[in-house]
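Report on the following structure.
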Amino acid sequence: MQAHSKIVEEAKAKKTKIVQKDLEMENAVRGTRLSEGIKFTIINYCKETIWPGITPNNFSGGGFALKPTQSAVFTAPPAWNGRIWARTGCNFDKNDNGTCQTGGCGSSLQCTGPGHPPASIAEFALGDIDYYDVSLVDGFNLPIVVKPVGGKGNCSSAGCDADLRPNCPPELTLRVDGKTVACQSACSVFDTDEYCCRGAFSTPMACLPTNYSRSFKTACPAAYSFAHDDPTSIITCSAADYVVSFCSSRHVLFPFSTT
């Protein structure tokens with residue numbers, strides 16, 4: 001009996017040491033995040049140059065050019081709440097003034113505001129537990145995927161590898177010089193309370209998926225498709241860094257259906 005009690009006590013002591021070690025490691029990681037911040041790597045796998053936008057503009061003034069296969073790294077402060085997206089079809093002069101076909105955030109290379117729809121957007125709320133998602137609520141301009149590096153918890157990838165533009169419904173298609181550059185949201189095109197989840201449709205009970213948002217969700221199950229698409233779209237992770245990649249699949253075409 002005494003031998004059994006001794007074994008039990010030794011097992012408890014061993015478990016306590018393991019728990020203490022885990023807590024020490026978590027505190028060390030938390031301390032590193034507080035002192036060094038969270039590393040973000042943005043990668044452009046697209047065939048064309050993109051101009052990532054970041055808000056709040058903690059890195060490079062919130063906007064810069066990224067050529068095909070190039071990457072950029074920035075460190076976000078602890079408790080950073082922000083968005084990352086790509087601007088496309090931009091033309092800036094020697095003074096960094098200009099416009100973009102999609103995702104524009106003012107009239108300069110450095111963003112002075114949030115991205116203008118349509119744009120595929122990665123959203124982050126960092127803390128002891130990080131919350132992140134990719135939103136297509138404002139439309140789609142490029143495939144975008146968020147992948148955690150390290151971390152504990154769910155830590156799955158968010159976003160959309162599929163390219164929705166070639167099969168975008170004609171009524172949602174945004175064209176520039178005959179080329180499809182984005183797939184707009186139904187809210188942007190039709191501007192009704194039902195499609196925009198406002199007025200009588202502002203609550204989760206009243207704001208329901210439409211044929212358009214269902215098609216976005218079918219093509220991109222790990223992305224927000226409408227305003228109250230929270231349960232299947234927000235992902236959590238702790239103590240991770242993040243890679244945000246554009247056109248990582250180069251490109252997966254997806255048939256778009258609204259029937």
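Yeah, the Cβs are placed from backbone N, Cα and C, and that goes for glycine too.
Keep in mind it's a predicted model, so treat the numbers as computed, not measured.
Between Cys220 and the candidates Cys111, Cys155, Cys160, Cys168, TrEMBL records the disulphide pairing with Cys160. When you check TrEMBL, the disulphide partner of Cys183 from the set Cys168, Cys187, Cys196, Cys197 turns out to be Cys168.
Take the candidates Cys105, Cys111, Cys155; TrEMBL pairs Cys237 in a disulfide bond with Cys155. On a Cα basis, Cys196 (disulfide bond) lies 8 Å away from Cys207 (disulfide bond).
All protein chains considered, the CB of Cys155 (disulfide bond) has 18 other CB atoms within 10 Å. Among the disulfide-bonded residues listed (Cys46, Cys100, Cys247), Cys100 has its Cα nearest to the Cα of Cys187 (disulfide bond). The Cβ of Cys100 (disulfide bond) has Trp51, Arg87, Thr88, Gly89, Cys90, Asn91 as same-chain neighbours under 8 Å, each 6 or more residues away in sequence. Within the same chain, residues at least 6 positions away in sequence whose Cβ sits under 8 Å from that of Cys247 (disulfide bond) are Asn44, Tyr45, Cys46, Lys47, Leu142, Pro143, Asp163.
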